[in-house]
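This is the feature table in Swiss-Prot:
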COMPBIAS  51-60  compositional bias 'Low complexity'
CARBOHYD  N6  N-linked glycosylation site
CARBOHYD  N18  N-linked glycosylation site
CARBOHYD  N24  N-linked glycosylation site
CARBOHYD  N181  N-linked glycosylation site
CARBOHYD  N195  N-linked glycosylation site
REGION    37-82  region 'Disordered'
TOPO_DOM  1-103  topological domain 'Extracellular'
TOPO_DOM  125-140  topological domain 'Cytoplasmic'
TOPO_DOM  162-197  topological domain 'Extracellular'
TOPO_DOM  219-233  topological domain 'Cytoplasmic'
TOPO_DOM  255-267  topological domain 'Extracellular'
TOPO_DOM  313-360  topological domain 'Extracellular'
TOPO_DOM  382-437  topological domain 'Cytoplasmic'
TRANSMEM  104-124  transmembrane segment
TRANSMEM  141-161  transmembrane segment
TRANSMEM  198-218  transmembrane segment
TRANSMEM  234-254  transmembrane segment
TRANSMEM  268-288  transmembrane segment
TRANSMEM  292-312  transmembrane segment
TRANSMEM  361-381  transmembrane segment
Amino acid sequence: MDGNDNVTLLFAPLLRDNYTLAPNASSLGPGTDLALAPASSAGPGPGLSLGPGPSFGFSPGPTPTPEPTTSGLAGGAASHGPSPFPRPWAPHALPFWDTPLNHGLNVFVGAALCITMLGLGCTVDVNHFGAHVRRPVGALLAALCQFGLLPLLAFLLALAFKLDEVAAVAVLLCGCCPGGNLSNLMSLLVDGDMNLSIIMTISSTLLALVLMPLCLWIYSWAWINTPIVQLLPLGTVTLTLCSTLIPIGLGVFIRYKYSRVADYIVKVSLWSLLVTLVVLFIMTGTMLGPELLASIPAAVYVIAIFMPLAGYASGYGLATLFHLPPNCKRTVCLETGSQNVQLCTAILKLAFPPQFIGSMYMFPLLYALFQSAEAGIFVLIYKMYGSEMLHKRDPLDEDEDTDISYKKLKEEEMADTSYGTVKAENIIMMETAQTSL
């Protein structure tokens, strides 16, 4: 009996399975066909034999003893034409986690994560990093937003919509992830504080080494009696996060030594966001198929729409509470709602058994779709209305300048030039004094 196609009880409802009668005829176990082989012909009495093919036959014997059949599609021992009974189970196909497409997808997800983290490291300027370490406002905001607001929001949404344990773990994992490069791009488009955006993204990524497994452990207690939470691979999650430090460190080194190359890598990593999402949607949809995609509950789609929107709103409210300037409010808003979906996808793909996650592997992709669409709407509204209102100023005199340092510099220059001014009357008086001497 081949056990390669066996799946766990949790994932069994999503897959078709075949069963075969065991040789001792006392237990029904998983297998590749359904067979009652013909017994020996010792003694009178008919014995019914059903083979996997489209036929049936009778063989003599007082007490039929079932044996494993070796017949193929040809039927039983005494085939007499096609059987009037339809075959209840078709030959079992490979599960999606054993297909070559899934193995290729694993490689693609790992490569996309490395490119993203390399680009993230290339945004770090070592000369400016020390100032943020001495005044860690950005790091504190990142910790509060990414590991305070978002995990709590994901936990409350999972409880409110009564998600099962698999969907709840996928939502929690996405909510506990750090910020991604999308927030840096969107902050640039809304004239945000880029230094704050970069330091929040970097800080949340580094803090995720400790806080992400901690948040998963805290908020998963609501489903502690379920198999997937009992087998929650916190060590593998931490190891995956640690592996992201290598491309980040390489990116910091490239920025320090070769700044022009770092600028090129940042552009490539930003454009790779779009390519990664498109390829992941196509490959995952092809691999899972319509049956598994249809098994995603409607509540998961609602959470994927509402969760980034609530993250943007809570981030803006937190920045308002701290009385930050408008450009910093927009930055914190985008940093809170934008998650590193490449990291979330990689953890779901590489750390969890695929038979446990199933179609919930699609949740971070759905989240990425809606977080990008909602952030794009926010940028569009800002470009149409917000930029004009924020840059509107009162009419000033021609000589009036709002830059205090520049005004002071002009006053000093005017004072310096007055010291060197020589008038014609003074020249005549000096010449008269010299001739009298």
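Yeah, the Cβs are placed from backbone N, Cα and C, and that goes for glycine too.
What you see is a predicted model, and the numbers here were worked out from it, not measured in a lab.
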Go through the chain and flag residues at least 6 beyond the ends of the transmembrane segment (292-312) whose CB is under 8 A from any CB in it; none is fine as an answer.
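Counting only partners 6 or more residues beyond its ends, the transmembrane segment (292-312) has Cβ contacts under 8 Å with 14, 96, 149-150, 153-154, 157-158, 161-164, 167, 170-171, 174-175, 285, 333-334, 336-339, 358-360, 362-363, 366-367, 369-371, 374-375, 378.
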May I ask for the residues of the chain that lie six or more residues beyond the transmembrane segment (104-124) and have a Cβ under 8 Å from a Cβ within it?
180-181, 184, 198, 201-202, 205, 244, 247-255, 262-263, 265-266, 268-270, 272-273, 276, 279-280, 283-284, 287, 340, 342-343, 345-346, 349-350
Please give me the CB contact count at 10 A for N195 (N-linked glycosylation site), counting all chains in the structure.
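Summing over all protein chains shown, N195 (N-linked glycosylation site) has 17 other Cβ atoms within 10 Å.
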Sort out the residues at least 6 away from either end of the transmembrane segment (141-161), same chain, that have Cβ-Cβ distances under 8 Å to it, and list them.
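Sequence-remote neighbours of the transmembrane segment (141-161) are 167-168, 171-172, 174-179, 196, 199-201, 203-204, 207-208, 211-212, 215, 218-219, 222, 299, 302-303, 306-307, 310-311, 314-315, 318-319, 322, 332, 335-336, 339.
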Between N181 (N-linked glycosylation site) and N195 (N-linked glycosylation site), how far is it from one CA atom to the other, in Å?
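On Cα coordinates alone, these residues lie 13 Å apart.
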Within the topological domain 'Extracellular' (162-197), count helix residues (DSSP H, G, I), strand residues (E, B) and coil residues, in that order.
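Going by DSSP assignments, the topological domain 'Extracellular' (162-197) contains 24 helix, 0 strand, 12 coil.
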Determine which residues of the chain contact the topological domain 'Extracellular' (162-197) at the Cβ level, with the cut-off under 8 Å and only residues 6 or more beyond its ends counted.
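Beyond its ends, the topological domain 'Extracellular' (162-197) has Cβ neighbours at 10, 116, 119-120, 123, 128, 132, 137-138, 141-142, 146-147, 150-151, 153-155, 204-205, 207-208, 211-212, 215-216, 219-220, 222-223, 226-229, 232, 269-270, 273, 297, 299-300, 303, 307, 325, 327-328, 330-332, 334-344, 347-348, 352, 356-358, 360-361, 363-364, 367-368, 371-372, 375, 378-379, 382-383, 386-387.
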Once the chains shown are all counted, how many other Cβ atoms turn up within 10 Å of the Cβ of N181 (N-linked glycosylation site)?
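By my count, 23.
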Quick one: average pLDDT across the topological domain 'Extracellular' (1-103), no decimals.
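Averaged over the topological domain 'Extracellular' (1-103), the predicted model reaches a pLDDT of 44.
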Report, as numbers and ranges, which residues of the same chain sit near the topological domain 'Extracellular' (255-267): CB under 8 Å and 6 or more residues beyond its ends.
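For the topological domain 'Extracellular' (255-267), the nonlocal Cβ contacts are 118-119, 121-126.
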